[in-house]
Amino acid sequence: MKDIMLVVQTAVLATAFSSVLMMQHACAQTLSSSFYEYSCPTVAAIVEGVVQQAVQAETRMAASLLRLHFHDCFVHGCDGSVLLDDTFTVTGEKTALPNNNSLRGFEVVDNIKTAVESVCNATVSCADILALAANASVTLVGGPSWTVLLGRRDATSPASVSEVNSALPNPNSDMTTIINQFAAVGLTVQDTVVLSGAHTIGQARCVSFNSRLYNFSGTGSPDPSINPSYLQTLQNTCPQGANANALSPLDVSTGTVFDNAYYTNLQVNEGLLLSDQELTSDSNTAPLAATYAGSQSAFFSAFGQSIVKMGNISPLTGAQGEIRQNCRLVNAA
Ligand code: HEM
Ligand SMILES: *[C@@H]1O[C@H](CO)[C@@H](O)[C@H](O)[C@H]1NC(C)=O
Ligand SMILES: *[C@@H]1O[C@H](CO)[C@@H](O)[C@H](O)[C@H]1NC(C)=O
Ligand SMILES: *[C@@H]1O[C@H](CO)[C@@H](O)[C@H](O)[C@H]1NC(C)=O
Ligand SMILES: *[C@@H]1O[C@H](CO)[C@@H](O)[C@H](O)[C@H]1NC(C)=O
């Protein structure tokens, strides 16, 4: 009799225990703006301080840090995996085609991490640092701020090179392909149009768009959708078969300010990447692109909403992953 009671009790306890675990799991899924309220209340100010110094030294750094958050989140979720260096045994994400010789800002992230660790040791993830740095960067160059949700943890391994290549959009893809890549991480057509507006700051290398300049899709001629005087400017920067790494602003009119000029440029066929200009030729995206060309405030409020959604892509939470001590390396086993 006693034995039976024990068995029953154990079963009840086990059920209760596993539902507590499930609840914890469910709760742990949700990021929160107050995650570091007690454990590191000054984290946002620390990040802002280092980002401000970096952007003062080089305005483009605001763009580079924003892009790191995007490339982190799209590949296996916002888990800091983009920051991992290659090791002898594991090839990281940094040298995959969309990132190699293109992603930048890693030293600034190191500086932020050092500053954060000196105040709140082993507490703030590298993935959260990227989310905070994106908000700090955008606001420093004139853009909107948003409520940064926190509580992500860091991956203990990078995604594979093939995952990076399939998750990150290629600038020469058609808009349907790009929309499908956004949909694959839970983002809508509107999010696609809005987040593309990040190209209101930063620069691109000739290799990223020179397929438009001379022999577009094997036609022997430039992409007819490029404004002729803008084409001339781009051909001067990127002569055929040369200067592959020369840079052009993604927003030709106000390339260092976060505003809605990216969309007004598109209206006059001055989008730099094919994926930018296609926003006005695809019937799914053209009306939205026109809306943001007409209203900076509509763009700013939509950008805040869409980037929070992007920051929610498959985070590691709770006891998953780790808080990396050095953003470039997984913690020693
Ligand atoms: C819609 C699909 C997208 C495509 C095809 C795309 C592609 C690119 C390419 C090819 C570059 C230039 C890279 C180089 O030449 O080195 C670039 C730069 C950049 N991208 Fe995107 N991107 C997309 C969406 C986004 C999103 C969603 C964000 C952020 C929310 C973003 C932020 C940036 C920024 C800020 C830069 C400039 C970085 C710098 O100057 O260091 N992009 N992107
Ligand atoms: C976002 O940026 C704004 C402007 O710099 C700042 O006031 C706010 O504290 C930032 N939010 C977070 C959570 O970092
Ligand atoms: C990355 O770029 C470096 C320097 O240009 C090059 O040597 C290397 O082969 C590239 N790596 C990959 C995987 O493409
Ligand atoms: C920071 O935390 C790590 C991991 O818990 C620990 O190994 C290290 O000694 C701590 N450093 C300081 C200065 O407290
Ligand atoms: C353009 O590209 C196509 C296909 O790659 C090629 O057959 C053609 O010779 C090229 N034309 C010129 C003018 O380079």
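Heads up, the Cβ atoms here are built off N, Cα and C, so glycines get one too.
Positions annotated as substrate binding site by TrEMBL: PRO169. In sequence order, THR177, ILE178, GLN181, PHE182, SER275 make up the list of same-chain residues 6 or more apart from PRO169 (substrate binding site) whose Cβ falls under 8 Å from its Cβ.
Under the heading Ca(2+) 2 binding site, TrEMBL lists THR200, ASP251, THR254, ASP259. In three-state terms derived from DSSP, ASP259 (Ca(2+) 2 binding site) belongs to neither a helical nor a strand segment and is classed as coil.
Residues or ranges marked as disulfide bond by TrEMBL: CYS40-CYS120 (among others). Secondary structure from DSSP puts CYS40 (disulfide bond) in coil. Around the Cβ of CYS40 (disulfide bond), the same chain contributes VAL116, VAL119, CYS120, THR123, VAL124, each under 8 angstroms and 6 or more positions distant in sequence.
Annotation comment: TrEMBL describes CYS73-CYS78 (among others) as disulfide bond. Over all protein chains present, the Cβ of CYS78 (disulfide bond) has 30 other Cβ atoms lying within 10 Å.
Of all Cβ atoms in the protein chains displayed, 29 besides its own lie within 10 Å of the Cβ of CYS126 (disulfide bond). As annotated by TrEMBL, disulfide bond applies to CYS126-CYS327 (among others).
Its Cβ placed at the centre, CYS238 (disulfide bond) has 24 other Cβ atoms within 10 Å. Summarising the annotation, TrEMBL assigns disulfide bond to CYS206-CYS238 (among others).
What TrEMBL lists as domain 'Plant heme peroxidase family profile' is 30-331.
Residues annotated as signal peptide in TrEMBL: 1-28.
For ARG67, the entry in TrEMBL reads site 'Transition state stabilizer'. ARG67 (site 'Transition state stabilizer') falls within a helical segment according to DSSP.
In the three-state DSSP scheme, CYS126 (disulfide bond) falls into the helix class. Geometry remark: ASP251 (Ca(2+) 2 binding site) versus CYS206 (disulfide bond), CA distance 14 Å.
Neighbour density at the Cβ, taken as the number of other Cβ atoms within 10 Å, is lowest among the binding-site residues ASP251, ASP259 for ASP259.
Cβ neighbours of CYS327 (disulfide bond) (same chain, under 8 Å, six or more residues apart in sequence): GLY80, LEU83, LEU84, PHE106, VAL109, ASP110, LYS113, CYS126, ILE129, ASP154. For ligand 1, the neighbouring recorded positions among ARG67, CYS78, PRO169, THR254 are ARG67, PRO169, by Cβ distance under 6 Å.
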